[in-house]
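Presented below is the structure to which this report refers.
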């Protein structure tokens, strides 16, 4: 399965992660050899994409089967399904999550590199590995005389060292597939107006999956499976007042509103205005009226003396029936991620912020209310250690079972009891990294081949 080099991290970050995954509790449970093997698998699987695409369907607008059939028709237009070159791809509903459709990804594929090379940024390269075409702003370098219609190989610049406008690059780069240039080089690097639109149409990618650009935008929403699980674990009910504290880009916000049947109110907060604008656009596109988005710092979202007559933040204590704290985090569970230039100091800067947000969340939650905490990272300090801290700091909080629970239990190392760990949900792709075959049912593979993710559910008594 390993077609790409393992994730490139600073040495201090690698050693920190090793100490996490080889902590005393883990070593006592599985031994040094198994713990080291899992850690090495983690570094490898993080650079590779999951072998399926997860789509959240807007079942508040249409039945799942209708959306599945319409999606199948759209993908036929891409010649993705039932083309002479591509066998029919089965779009499968998830057996336990009623608004999820799954599509298998074909990869890694035997693709021959060409002599003509286009270099793209690391974020663009990761998007290509998950089915995207190359948009012009992502292109950093191209051949000197590249014209529209030329066949090119696309490489991802892992360390961000390629100079924009270069004609070649010999640095640390990874091949992600071949495509057809849609623009001349001169149009891509024009100084007057930045180029927009598709710069390279991927025709022979290393990992082949359909492009969802412009496909049924009101009915299907690309979302990692654990992120969909979060909404179901929160279990919102019609008529409730719900807070999404760190809401951008709004996927979970819109999911919460859809699960409520758009009846009630979902308050979405984020500190950056253009992200709030994006949430509002998504809500409008999905025909969701119950979302109210505000540009506001969630650490200051609770006040004993809120503004008179104002509906927005800050809010009085115990205002919300349910709170989602999908916290800002180091993001070390995201896949594919072939390189991170972050320092250990940057990675360790998140737990203090997460605790400030947690304190505000507990104050804003009604007695008898539900708080769900989640991250897309793999560290103990941002996950299980935060749970241990919360249980010690807030006697009013108790851990609750999660439904659905399709991930693994919590990780050893934070001093939590076996019963507490069983109530947590940690998506650990490294555990089954070398065991994901094409023979088991797609849903079985999809549940295990995810991004790294963590969910904890609390009840305030």
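Note: Cβ is positioned from N, Cα and C throughout, glycine not excepted.
Positions annotated as domain 'SAM-dependent MTase RsmB/NOP-type' by TrEMBL: 145-461.
Cβ neighbours within 10 Å of residue 248 (S-adenosyl-L-methionine binding site), excluding its own Cβ and spanning all shown chains: 22. What TrEMBL lists as S-adenosyl-L-methionine binding site is 246, 247, 248, 249, 250, 251, 252, 270, 326.
Sequence annotations record features per position, and here TrEMBL assigns active site, nucleophile to 376. Taking a C-beta cut-off of under 8 Å and a sequence gap of six or more, residue 376 (active site, nucleophile) has these contacts in its own chain: 224, 226, 227, 329, 331, 333, 334, 451, 452, 453, 454.
Same-chain residues with CB within 8 A of the center of the 246, 247, 248, 249, 250, 251, 252, 270, 326 CB atoms, the S-adenosyl-L-methionine site residues themselves not counted, are 244, 253, 268, 275, 279. Sequence-distant neighbours of residue 246 (S-adenosyl-L-methionine binding site) (same chain, six or more apart, CB under 8 Å from its CB) are 269, 270, 298, 325, 326, 327, 328, 357, listed in sequence order. The Cβ of residue 250 (S-adenosyl-L-methionine binding site) lies under 8 Å from the Cβ of 268, 278, 279, 282, 283, 291, 293, each of these being in the same chain and 6 or more residues away along the sequence. Pairwise Cα distances among 246, 247, 248, 249, 250, 251, 252, 270, 326, which the record gives as the binders of S-adenosyl-L-methionine, peak at 13 Å. Remark: residue 252 (S-adenosyl-L-methionine binding site) has 227, 230, 231, 244, 324, 326 as non-local neighbours, by Cβ distance under 8 Å and separation of at least 6 in sequence. Cβ neighbour count for residue 326 (S-adenosyl-L-methionine binding site): 23 (other Cβ atoms within 10 Å of its Cβ, all protein chains included).
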